[in-house]
Amino acid sequence: MPQCDFTKSFMKRKKIKSKAVYRFLRTVFFFLCSRSMASKTPVGFIGVGNMGNPMAKNLMKHGYPLIIYDVFPDACKEFLDAGEQVVSSPADVAEKADRIITMLPTSINAIEAYSGANGILKKVKKGSLLIDSSTIDPMVSKELAKEVEKMGAVFMDAPVSGGVGAARSGNLTFMVGGVEEEFAAAQELLGCMGSNVVYCGAVGTGQAAKICNNLLLAISMIGTAEAMNLGIRLGLDPKLLAKILNMSSGRCWSSDTYNPVPGVMDGVPSANNYQGGFGTTLMAKDLGLAQDSATSTKSPILLGSQAHQIYRMMCAKGYSKKDFSSVFQFLREEETF
């Protein structure tokens, strides 16, 4: 248990009431836990942006020393200040760690981090476990897995859901694809950063699950924004409308956890001028992945295609760096949409 929280329950079970004995046992337990924490081998972490930063910090909280790399050196400063190792390339991470997590924006970034001139595969050790938590094309995950396998290492795709808030609290959901025999090893690390770690199947199935999730998320966010906008223009108080939606059949994550209307909820991007969170550019990228997958499998995604166009339009009209829930603001401003 983290920080030896079992001490008190142990004392209670054994009915040990002596304070001196309690202090002695507490010291012993603390020493044993400290030894256990100190024995943990370093974990490499590549990509400490909006999502990667809190994910890496949760690994630190669980006692894992980190080997950090990010293409933007300033992103690594607080880890350096905290005593973690910061290196100058993904290859350097692979040289120092045999378990590596990557959290990158796009397929191109992932390919560069693994297969580039200074990529992980230049110095990867045999038997290393490489976990990619980026959201990328499932076909790219499969190709990277083949390259990694040639080097005698293991690759798993493990994209996440939950956003920055869940990353901070350690409540992400990981969707994992890869060799099932390696899942337990991946779960040990991912469980430090998420409350749900789900095995999906072979390499690429984690990405498939994530793409489907974000397709639905985009559609539901647009629907929530449209419903809230219509209700407000019909004279309803937005907080009242949100309350009604969240106790009715229209309830969804976009309405009850991440409401897009400013002033309805605290602690979400809409309460902070749509700063932070999950960027509109990234949502457009994920919807593009869904569109490509739908084309290759001949799957109709009528609402998904429309959502893709809306988020692409938002990027072209100055919303690219805002959170994807800014679709509400976009709808409010597009009188002739």
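Cβ atoms are placed via backbone N, Cα and C, with glycine included.
Here the structure is a predicted model, which means the values were calculated and not measured.
Residues or ranges marked as domain '6-phosphogluconate dehydrogenase NADP-binding' in TrEMBL: 43-201.
According to TrEMBL, the feature domain '3-hydroxyisobutyrate dehydrogenase-like NAD-binding' maps to 204-330.
Mean pLDDT for the domain '6-phosphogluconate dehydrogenase NADP-binding' (43-201) in the predicted structure: 96. Mapped onto DSSP helix, strand and coil, the domain '3-hydroxyisobutyrate dehydrogenase-like NAD-binding' (204-330) counts 88 helix, 2 strand, 37 coil.
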